[in-house]
Structures are given as C-alpha cells and as structure tokens.
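According to Swiss-Prot, the signal peptide annotation covers 1-24. The domain 'LRRNT' annotation in Swiss-Prot covers 25-54. Per Swiss-Prot, repeat 'LRR 1' is recorded for 55-76. The repeat 'LRR 2' feature in Swiss-Prot is assigned to 77-98. Sequence annotations record features per position, and here Swiss-Prot assigns repeat 'LRR 3' to 101-123. The annotation repeat 'LRR 4' is assigned in Swiss-Prot to 126-147. Per Swiss-Prot, repeat 'LRR 5' is recorded for 150-171. Residues or ranges marked as repeat 'LRR 6' in Swiss-Prot: 174-195. If you look up Swiss-Prot, you'll see 198-219 marked as repeat 'LRR 7'. Sequence annotations record features per position, and here Swiss-Prot assigns repeat 'LRR 8' to 222-243. Feature annotation from Swiss-Prot assigns domain 'LRRCT' to 255-306. The feature region 'Disordered' is assigned by Swiss-Prot to 304-382, 397-417. Taken from Swiss-Prot, the feature compositional bias 'Basic residues' applies to 326-353, 397-409. According to Swiss-Prot, the compositional bias 'Polar residues' annotation covers 355-366. Swiss-Prot lists Ser420 with the feature GPI-anchor amidated serine.
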Amino acid sequence: MLRKGCCVELLLLLVAAELPLGGGCPRDCVCYPAPMTVSCQAHNFAAIPEGIPVDSERVFLQNNRIGLLQPGHFSPAMVTLWIYSNNITYIHPSTFEGFVHLEELDLGDNRQLRTLAPETFQGLVKLHALYLYKCGLSALPAGVFGGLHSLQYLYLQDNHIEYLQDDIFVDLVNLSHLFLHGNKLWSLGPGTFRGLVNLDRLLLHENQLQWVHHKAFHDLRRLTTLFLFNNSLSELQGECLAPLGALEFLRLNGNPWDCGCRARSLWEWLQRFRGSSSAVPCVSPGLRHGQDLKLLRAEDFRNCTGPASPHQIKSHTLTTTDRAARKEHHSPHGPTRSKGHPHGPRPGHRKPGKNCTNPRNRNQISKAGAGKQAPELPDYAPDYQHKFSFDIMPTARPKRKGKCARRTPIRAPSGVQQASSASSLGASLLAWTLGLAVTLR
C-alpha cells in the first residue's frame, strides 16, 4: 500500500511539472512548456496580450495590429521575439533594456516604424539576428547598432534609406550578412562599411547608387558575394574592388556603364577576377552600346593613356564637384551635407576625396537599356523557410521565406496547452491521475 501511495504522489508531481507556471497562456494564444514558448500570431491583437508567462523564452506575435512597444511588455528572460507584420509606429528606447539573453529580434514589415532611437538596441549583447526590413526607415541614427558585437545577420532591405553615416556598422565585427537592397542609397563613403571584417554577403542592388568612394570596400576582405545590379553606376574603378580577395559572386548588370577610357581599370580587374560575375553591358559610348565590358579587348583601350586621359580626369573632377554642389539633401541627423562632398555630412569644407564613380543626375540616364540580367546569376532571394517548429526547435539561425509570402499557420502539437482549454486540460490530467490512483488502491 505504501508503494502504491508513492506512485500516486509521483504522478501528481509529474503532472504539476508539466503545467506551465502562472496558470496558462494569454487568451487565444498557444503555449509550449519546454522551453517556454508563447504563440499569439494572427489574432488581430491591437496591443501586447496580457498574461504572457514571466519565464517565456520565445514569443511569437507576428501578423497582428500591435502599434506600440513599451517597457514591461516582455520579460528579460526572452531569447526570441517575432513581432513582424504589425502596425508598430513607436518603440520606446527602454523597451529591450536588460534583455541580455535576446538572440533574435524580428521587427520587420512594420511599415509605419519610420524612426528608431539610438539606444533602442543598446545592451543586447547576445543578439545575433536583427530584422528591420520593410519598416519605412529613411535614416539610421548614429550609434543605433553600437555594442552589438554578436550580431551576424542584419536585414535592412526595402526601406527608404538614402544615405549611411560613416562608422554606422563599426561595432558589428561578427556580422556576416548585410542586406541593404531596395533602398534609396545614392552614395557609399569611405567609412560606410568600416569594421565589417567578417562580412560574407553584401546586397546593395535596387538602390540609386551613382557614387562609390575608392575605400568603401576596404575592410571587406572576407566578402564572397557583392550585388550592385540595378543601380545608377556609370563608373567603378578596379581599385574599389581590389581589397575583395575572397569575392566569388559579383553582379554589376542593370547599370548605365560608360565603357570608355574610364572603364579600363574595371576591365583590367574583371580580367583577373576568377569568380562568377554578371555581364557588364555598356550604354556609352555609342559604338559600344550593348557590348559586354568583360568581353572587350586590350586594343579597345589602346588610345587611353594612364587610368584616364587628362581631359577625362579634369572633366571628371569638375563634374563631381559641380554636381555635388548642386545636390541639396538635408540630413535628418544634423546640418545639411557639405557641398564639397557627395556623401553625407562632413566636418568643415574640404575637397572631395578620390572616388570610384562619377555622380550623375539621377534622371539623366535611363536604365531601361542597360542590359539584361545575367542568366547564370538570378536575382537573389533570401533562402528563408518558415522557422517555427514545435517538434525540432531551432538551435542555429533559422531560415525563412520572403516576408511577403503567406504565413503557414501554427498547429498546436501534442502536449501543447491552449488558453481556451487550459482549465479543461488540467482537469483532464488530474481526473486521469485520480482514476489511476483509485485503481492502484
């Protein structure tokens, strides 16, 4: 009899251990106990639901109508937070203060989230994936990524970012993927990518790039993939690409390339490049329109002396200075840009540094005839797969489909507690235990 009583007590302890702390899930949500996971996706919530257990490590709130994030909404024990595809317009600067365990934060597809405070992500020392795609951002404040030394994946695509300040990514020493495509960037300065010594993939396609400083890619020694297609580049010196010793995949098509003497250094670099590259269709001069720069011969540049003829050097310098001086752009973070330099704010007045491209009027050259995309290098799409699985919880960076894809609904697996039946689940377990106890007695 004593042995039977011990068995009953053991069963009761096991049942109690399986019931989540705090008495259940928020209403209309699904919970999973180990690790504590709360899924409240696609329930039309206008605010963070109440009753999220304090020991929750993973919280999924995507596809709702949540508008604000405030301190106290989440527990510092959280490791993963998905809150993409909501209506977030404001994130209080202290919302994630003390979240030293947070590893993945998905704020993407919140199209009214147009500004971020510099300290929004301060202290997230374990964060390795940050999603800020499709957020309506037009600028990034200085220091917004400060201290994120563990970050490996940063998704900033499909915003309205027009320029990047020097050293904006300088603390991201472990970053491997930087997605900036689908923005409105028109220039890259000497310190834009400074500090990204471990960057593997840089996507800059579908911007409005027309000016690249000759040291823009200086620190990217480990870069293997660079996409610059569908921009407004007419010129890119080989010196810009020289530091990219690990480069394997390069796309330059869809730009209005000038294949005159200015293109000689790029042509020479392409002859030495052993990776895979797209075609580089010429738009000018007229005799070379439609030709591939890669397929030109040394004889095509026999009349070029040095990197460019003296006339071209003079014309290039004047064009850069004059057009940069005429371009008016007001930074949201400070005074207007220095008229002597076409990239972002600069202290004082100085002559423009050596650059790799010639800035042009954005509307001057149409890209319609710039050439077809190379068939061997299709447009890049992130290899996302739906990253939520109750059966095998992800231990490494999850892969996901594009954010515009229809979301796969999450089904409650065996053993999962749902808010609508929390009490009935506990009652059923207790009834079963008591019945077994009666049988044993």
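For all residues, glycine too, the Cβ spot is worked out from N, Cα and C.
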- Helix, strand and coil residue totals from DSSP for the repeat 'LRR 6' (174-195) stand at 0 helix, 5 strand, 17 coil
- the repeat 'LRR 8' (222-243): mean pLDDT? 97
- Query: Among the recorded stretches 101-123, 126-147, 150-171, 174-195, 222-243, which has the greatest number of Cβ pairs closer than 8 Å to the repeat 'LRR 1' (55-76)?
  - Reply: 101-123
- Note on the structure: Residue counts for the repeat 'LRR 3' (101-123) under DSSP, helix then strand then coil, are 0 helix, 3 strand, 20 coil
- Note on the structure: Counting only residues at least 6 beyond its ends, the same-chain positions whose CB falls under 8 A of a CB in the repeat 'LRR 3' (101-123) are 57, 62, 76-91, 93-95, 129-148, 155, 397-398, 403
- Contact set, same chain, for the repeat 'LRR 4' (126-147): CB under 8 Å, 6 or more residues outside the stretch: 84, 100-120, 153-165, 167-169, 171-172, 179, 331-333, 397, 403
